[in-house]
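If you check TrEMBL, you get these features:
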- 3-346: domain 'RecF/RecN/SMC N-terminal' (DOMAIN)
- G30, V31, N32, G33, S34, G35, K36, S37: ATP binding site (BINDING)
Amino acid sequence: MKLDKVQLTNFRNISSANLSPSPALTIIRGVNGSGKSSLVESIFYLGFGRSFRTNKHTSVIKTGEEEFSVFASCKNEESETLNLGFQRRRNDTFTCSINGEHSNKLSDLVSLVPVQLFTPQSTDLILGSPSERRRFCDWGLFHVEHDFQMLSVQFSKFLKHRNALLKQQSDLSAPQNQYWEQCFLERAEALSIKREDYISKLTPIFEKYATTFLAEYKVSLNYYKGWEKDASLAESLVKKREYDGKIGHTTSGPHKADIRLKINGVNAQELLSRGQLRMAVAALQMAQTELFNTLTNRKSIFLLDDVGAELDADKRELFIDGLLDMDTQVFVTAIESSQLEFIQKYNEKKMFHVEHGSVKEE
Ligand SMILES: Nc1ncnc2c1ncn2[C@@H]1O[C@H](COP(=O)(O)OP(=O)(O)OP(=O)(O)O)[C@@H](O)[C@H]1O
């Protein structure tokens with residue numbers, strides 16, 4: 001997927017902008033507060049239907065306006081043109097559009113726009129809670145396996161129901177609850193198998209990139225399923241039934257899963273410097289991009305916000321080189337051109353300058 005045209009209206013400080021990005025590298029320059037991150041955030045909305053900076057969609061709508069919109073004309077891998085749009089209003093409703101057809105089903109839109117992001121907060125992937133790492137894995141599965149979204153929704157539904165039964169002090173072993181227990185178990189096991197399989201495919205690719213980004217270390221990735229290693233989930237649920245009943249929620253299952261990154265056998269967060277953590281994230285994202293390309297025959301869009309503040313010049317270059325080699329459409333924001341001196345070598349690029357919310361090609 002490549003974005004040919006992006007058009008935004010009333011998005012943060014940008015009243016209106018129209019740009020035709022490069023299919024390869026697009027550089028967005030401007031001083032602090034000019035609107036660079038906003039531009040990248042608008043593309044993120046097409047891939048996720050939300051912001052990476054706030055949970056409040058109303059903060060994103062330009063002050064004094066009723067709604068923002070982002071439209072993009074794209075080319076998919078079959079060279080078909082797709083016209084995609086996303087609008088969000090102050091009353092918290094949204095509309096997606098795909099080739100003029102309106103829909104309120106976000107997954108229809110976001111499944112078409114595989115977007116990844118690297119920002120100053122990306123180290124949260126390693127330092128943050130397990131939910132960050134599950135989200136990373138689930139992004140890959142969502143874009144690779146058509147039935148993953150449905151499975152994930154069903155699992156959440158049965159988990160919610162199980163937790164409600166636990167809160168009501170219901171006896172989960174009672175015959176009338178066995179159906180729900182079985183529904184939960186089936187979805188939980190299926191989800192867990194998919195994640196485990198995905199991480200086992202990702203691991204060798206990650207190890208390959210880690211030899212570049214973390215050359216001096218031996219890295220390993222392990223999937224923790226969310227319950228004891230030597231027990232089945234069914235056994236673990238029975239074992240924890242009394243405890244779960246007391247606390248009112250389920251403590252075993254894929255909603256407790258994690259992906260553990262070890263460096264020389266030690267948890268990454270205990271050994272790596274801030275800069276090295278960023279490089280580990282870069283290696284994970286490169287691996288995710290390569291696996292996505294291999295499994296889907298599609299190409300993704302990569303947003304690098306404030307990359308100058310994040311990585312050394314040589315690692316920045318390696319990261320962008322690697323993404324472009326995989327035919328990824330890359331958007332990079334930077335305050336100073338000096339942060340991106342190496343971009344001179346790329347022939348296929350476009351540069352945009354943002355000033356007080358106005359976007360101009362350079
Ligand atoms: N809802 C909004 N309406 C109008 N302006 C907004 C809104 N939300 C944020 N802004 C303003 O938009 C401007 C652009 O913010 P943005 O984060 O995109 O800047 P930036 O160029 O990425 O800056 P930096 O280099 O400092 O990260 C800021 O001045 C911000 O105060």
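Every residue, even glycine, has its Cβ placed from backbone N, Cα and C.
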Annotated binding-site residues V31, G33, G35, filtered by Cβ under 6 Å to ligand 1: G33, G35
CB contacts for G35 (ATP binding site) [other CB atoms within 10 A, all chains]: 25
Neighbour tally for S34 (ATP binding site), based on other Cβ positions within 10 Å of its Cβ: 22
Under 8 Å by Cβ from K36 (ATP binding site), counting only residues of that chain that are 6 or more apart: I28, R29, G30, D305, T333, A334, I335, V354
Residue among binding-site residues G30, G33 with least C-beta crowding, 10 angstrom cut-off: G33
Where G30 (ATP binding site) sits in the secondary structure, as DSSP reduces it to three classes: coil
Check: same-chain CB within 8 A of ATP site center, minus G30, V31, N32, G33, S34, G35, K36, S37: S38, I335, V354
Structural state of K36 (ATP binding site), classified by DSSP into three states: helix
N32, S37 as binding-site residues, winner by CB count within 10 A: S37
Per-region confidence, the domain 'RecF/RecN/SMC N-terminal' (3-346) (mean pLDDT, whole number): 95
